[in-house]
Amino acid sequence: MGMPLWSGRSLFVAALTLGGGVAGAFAAEIDLVVNHNAVPNEARGPAGGDFTYQPVVFINTESVTASGVTLTQVLPEGVVLNSITGATCAASGMPFTTDVSNKTIICDIADITQAGVASGVVVNFNVTIPTVNTNWLASASASLASGDTDPDAANNQNIGRNITTDAAADVMLEVTTDPADSATNKIISGMPYTQTIKVSNQGPSNIPSTGRVEVGFTVPSGASVTDYSGTGWSCVATPAVMPALEGADVLCTRNGALAVGNSVPSDLVIQGVPNIVDGSITTNYSVQAYSSSGDNKMLDGQPDNNTANGTIYTSTARGADLTLTKTRLGALTRPLGDQITYTLTPRFLGGNLATGDEIRVTDTVGAGLTFDSMTAVDPNWSCSGNACVYTVPNPAPANFTNLPALEVKATVTSASTVTNSAEVSAESGFTDPNASNNTSSANVRGSDLADLSLSKTASNYINGVNVAVPIGGTYQYTLRVRNNGSLAIPAAGGTNPAIEITETLPSGIQIIGINNTSSGWTCPSLPATGPASFTCTYSDGLGNGASRNLVLDAVRTSEGNATNSACTAFAAVTGTPTRKDNNPSNNCDGVEVGASDTTTPGDPNQADLQITKTASGAVYAGENLTYTFVIRNNGPKDSENVVLIDSLSSLIGSSYGDSLISITGLQGGQSCTPAAPSAGTSRNLNCQLGTLANGVEQTIEVTVRPNVVQVGEVRSNTASIYSNTTFDQDISNNDSSTSSEVTARVDLTASKVVATSEGGTAANNKSAAAGSLMKYTVTAKNDGPSSAENVWLRDTLPAEAILVGNPVVANGGSCQVVTTATAGGTGTPDMTVGTTHPVGTAGGVLECVWGSTAAPLFLSANGQREVNYDLRSVPAAAGASAAGRVLPNTVVVGTKTDEPNKTNNSAVAEVVLTREELDVLINMEHTADGFVLGGDTEYTITVTNNGPTYATNVILSDTFPGTLNIDGVDYPSTAVFSFSGITGLTRRVGSSPEDDLAAQITTLCSAPVAGTEAALPPASALQLGCVFPVMAPNETMTLKFRMQAESLPEGRNVGTIYHNASVQVDETEWLSNGSDVEANNTTEDRTSTRLTANTPDPEFADLALVKTDSTVPDDEPLEPGNTLIYTLNISNNGPDQSTNAVITDVLPVGLEFVSAPGCTFDGDTRTVSCAVGELDNGSSIDFILETTLADPYTGSVPLTNMACVKGEGDPNPDNDCDSVDTPVKPPLKPAAVPVNNPLVLLAMILGMGWIARRYSVFNRG
């Protein structure tokens, strides 16, 4: 309940009213009490929000009525006062923004007739607090009517209430309906409508780029939502179906920043349809802002504008939105004359259908189709010709359901694309308000086309190379005819043509006959010797995509290469053929076959090619591997058109550079494809070597860069050599294989980035408020070329940082945090050993592995492993700052796989700490108040860290009995309460649920023993304290305890116990927005109690004070340094003995205290206090106050000094104060006269003492 503040003239007048009034022997004595509450109770909330300062004025005296009570409320400057309830107050023109001229408000309080807070008057000052701040402090004071006295004035003067406001975004929702939201603007059921939602941010805080807004709504009864739109918006319905039917929850999200005063660039548009007749449908929308991903909701000071609605009104006419879907069964392209089957499916969307309504579906075939029939299985359809009528049964179908399907048959008659359309319409009983979706079409393509293609190969080819055959040696041609569609080819007959192949033989080739005689092909005129041509026929039909081979036996009749070509086509028919080939470009193919004139081994027309292949040895992936080819012609004939082939696979990828490095040893006119250097994971090498003479040997070297995916392997590679035109008598030596070992090799790259609440020069170089969260992302990326086995990382955490929570690791990895690195800090971490680093302590080593020897894991090339974790810096010593401290953080990565380049295996992230930024605030409140002795109340203290810095060593302290300080004067407690015990301790972070910490109370808190009485001074006060080692940003600790009223000092009827609560942390609190972070570090609370009824008659003693000084009128003005002695004379004018009276003299500027026997002096407040004690009627007593003038003297001229006395039950305060003007030599610069300051005078009046409560107008029992 904040430290109290006096505020201006009105409080001064109120205090005088309290202390003064009509002097009389039997004035009413009433203990007037003020509690100053806040709404919400925690006195904290969103900037831009509505709050209430809520003073409660009540009496702590029985059997009296307090009439004419005045409340003075001083509001903080800059709030908007919207209204006041509970009293009649002098505040016109609301709402208005408070300033120095209008912040003080005087209110008349209704009569208070019953004691206790429950019977008090509650006054609500309803305000809007527009900006973020920690010190929105208001004060409340109450005063009795003139003539009444208050025995405990301190509990109703300047009772403070501070409110803290936090960053908030007031998101506002506006809904526009089309057609317009009006009861006179009705639509029929089934007609689509839209509702446009505009979202804006009214501030005072921006929604950051990491934030988002969410609009949610529930589909209302009688409606369905069919679609949404709006750039940047995405919507999800639960259940996850569209359309969303009534009762479904829909959540729409738009990510990104939204600055104060701006609207989302693109509005959200919701499209729906009404399903009821003669009614209204209201959709209620709500919006919420978030600061980041997850459930990080932003505060909103004006939640009332977070909701809005739109209403649709429907007429008495019934409507239903119908649509139709038409589909074709079977392929799009169909032969001429084929019958096509269509399925027509009507669908009932929004609106209202009733039993007996009739729906018509009409099908219209286009030119090129002949209508055959339209039928339905469901008996509710009645069909005639190309139309069917559906009679809605009982019960009628639900919204967004299909009606029974129809079937339409038609015959295609045109070789073109033909459209068949159908339409659904309302026949009777209702109307369809949306005709735009009533038709549907399906196409069919009539065709007579089938694309024939032919490919031709020869059996002498080895690995794609034409290998010469001997003249007269039999080999085969394979001719494959394929139907590429789109139609199947029927069996030949009538106008269905057969398939033909026409062979064109060059000189030197003879076709002996058909090798696959059961294939269905017929070839008359065989054998045939070139030059010649012949035709083969196939008549059995060929499906779409099917093929049929014709294999012919052949021999070469002359030396050299000869190419044999063939073409396919449809045979001619009488009439119009049913199939045509409109793509002749793929109908022909040819193949070249070489031959030599040889008959026996050793014949001079033969050659013997030989190849030997070797490899350079074991290599790592990505290193150069050289294959050596030694080729030789063993003769006896020169070998012409020699070809070397080698399939080089499992090479490095193009991202790692060239894989085919070089080819050496080629001679003039020789070439290879592909040429070197070139890139690719495989290279099919084909070298044209020309003629290799008898007995000649040639060496060729090919260098490649191989790869291996995992670990390593011994791989075999085979090369072959052939001649296109010279027969090779021994092909067993035309191939050669070699093996080489390739071991996996990788290159890992480490990276580390850090995200903080502040910026930085790079992703790994940031600044952060000391003690705030630093979010690290550590990655190990495999740059290949192989897969990396059992990747690991070791991250040495900064010695001045603390791990927060647990690291997050994926992809089958596991992590540990140890005090000392395992494996000597250099090798693969050993997850079975190591000392676990204590949670919450600085430093440590984070070790993570993916895979083990027993269960290896491989990271493919270009893949990465990632770990995420959070740190906070170690707090500086109490009162110091960690600003300027640098937190370097190094991670090292590794793998079991060979890795020669480790220069990039480490990465560093560096954070430079800036000043700690936090505001720790305390608030205190209680339940019952103003009760009789024996009653009790529960206090609640909340401590909140308004980060982003973590708060450490958070010390909560509550001292009782405490004091109430008014302008430097401490007013003590006047009632004895006992401590009953702590009743609860909870923790909450942000909006998360509370954690019950009851089991930790004895660890975190120390408290008096239950039942201990908090005795009044001079006894020592009791203390309740808690120490919270660390509090996260936005964390709140809530402590509850109870106290019971036990007794009052003798002679008192009423009393109050004060609590002085405070919070402190090791960090120096500071906020970058300039808010006063100390204003909310202390608070006070109080509870008043009273004796029971039937107390004795009261006693009254009229005390008077007369003050004189040691000067005489004829003296010269005093010089600086002169002694000045005051005499304070107190007399009791009766009628009764006075008790507990106190003199207060606040020394003005320029007057220095020397001595005052029987009195005390407080140098901080410059207050002399003298206890008068008991003083009989008619008696008097003097107090001597010795002072000196300051040298140099800087006070006022003349020197004015006032003293006041305050006694219990004093009915006449008019003679309680007296002042003396002493002539002094003027200072160099005159100063204002203190008596003109009402605050000083008020402090003197209220600081005299405390009314004894022994006297009251009611009887003591």
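Yeah, the Cβs are placed from backbone N, Cα and C, and that goes for glycine too.
Record note: among 423-445, 883-905, 1113-1135, 423-445 is the stretch given as region 'Disordered' by TrEMBL. Looking at 723-744, 1075-1096, the range annotated in TrEMBL as region 'Disordered' turns out to be 1075-1096. The domain 'DUF11' (1102-1221) shares more Cβ pairs under 8 Å with 919-969 than with any other stretch in the list 451-591, 608-739, 763-823, 919-969. Helix, strand and coil counts from DSSP across the region 'Disordered' (423-445) read 3 helix, 14 strand, 6 coil.
Helix, strand and coil content of the domain 'DUF11' (1102-1221), in residues and according to DSSP, is 3 helix, 72 strand, 45 coil.
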